[in-house]
């Protein structure tokens, strides 16, 4: 019997190409895909800033405290655009076919989304603006944990460092608020308001992770259409029970009508655009990008509401951007268990892939890379003797 022995040796490093310059290393990190990703995330932040400004004008200048009605208008727009689109579709993407397969899952998700919006908006009546900004960051660890256990996303050390820098930037912003005395919205039940923020952030995390799964495995139009259907239904019921008296107190005129229209348009754009960004990135990356929304609101407040300026605001902005660059510069990967992605579909129409001929009957987990920018391999050249 003849035996063949192969030996693998590494080529000496001294014979290779020279080390890349600092400029080349920066270009390797700041790729076009990374810059596009950062830009898309900041568009979402600007939309949230616009939503916050219109809400502030409605609440402070016109005393219109109607968070459920404002969300209801957004869900109605989603219903008119996306739910009707599903209704005229043919085949498995039709509205009735989707409802037959997974109506109760979308019903639960719609309730989660509605109450997440309601709890955060309601918290402003009981706690400080700084507390809301700080505690709302609780959505980041929630999304990380849910993505790890349910979407099987695996992170590297650079992702945790990037997320930590983003949270540090928010800490700098809140510290600037405290130093400048911006303790607006303080109520007698601050602890209750803080608990509302934590509850809303948890629900937001659940909603975002479910949204990421749906837009990457099913359809963006399906997600938005179902949110429009169940969101408008349940928010309409909540509006009739809880806010019908507040609506009667609103001093209606053209300015208030314009603010409501602007709020609804910004919310509709946010809901429509966020699945596009989330399909390209992830729920974690989107929520890290949204941390700059509070800073944009503060910068606008310098001119509109005459806020005091602090250098910590600029420092926090650059720290958050640095954290986003670090987080997005390296790819995450998904340890994909074939059984996980069948839990939501309930279709059963797709045949399973053939098992390996070397090990029949055994399902081996695959690894799928979900990166914004492809990372070249760092393997050393080898010589086989």
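A Cβ is built for glycine as well, from the same backbone N, Cα and C atoms used for every other residue.
Automatic prediction, not curation, is the source of TrEMBL annotations.
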Segment assigned the feature transmembrane segment in TrEMBL (from 73-91, 339-357): 73-91
Cβ-Cβ under 8 Å with the transmembrane segment (191-209): same-chain residues at least 6 beyond its ends: 109, 112-113, 115-120, 122-127, 131-132, 135-139, 142-143, 146-147, 150-151, 278, 283, 286-287
Distant-in-sequence neighbours of the transmembrane segment (34-53), which means Cβ under 8 A and at least six residues beyond its ends: 262-263, 266-267, 269-270, 273-274, 276-277, 280-281, 285-286, 288-293, 296-297, 300, 304, 321, 324-325, 328-329, 372-373
Candidate ranges 73-91, 103-121, 221-242, 254-274, 286-307 - greatest C-beta contact count to the transmembrane segment (313-335) (under 8 angstroms): 286-307
Criterion met for the transmembrane segment (160-179) and the transmembrane segment (133-153) (at least three Cβ pairs under 8 Å): yes
Recorded stretches the transmembrane segment (286-307) and the transmembrane segment (73-91) touching, at least 3 CB pairs under 8 Å: no
Same-chain residues near the transmembrane segment (103-121), Cβ under 8 Å, at least 6 residues beyond its ends: 55, 67-68, 70-71, 75, 132, 136, 196-197, 199-201, 203-204, 206-207, 210, 226-227, 229-231, 233-235, 238, 344
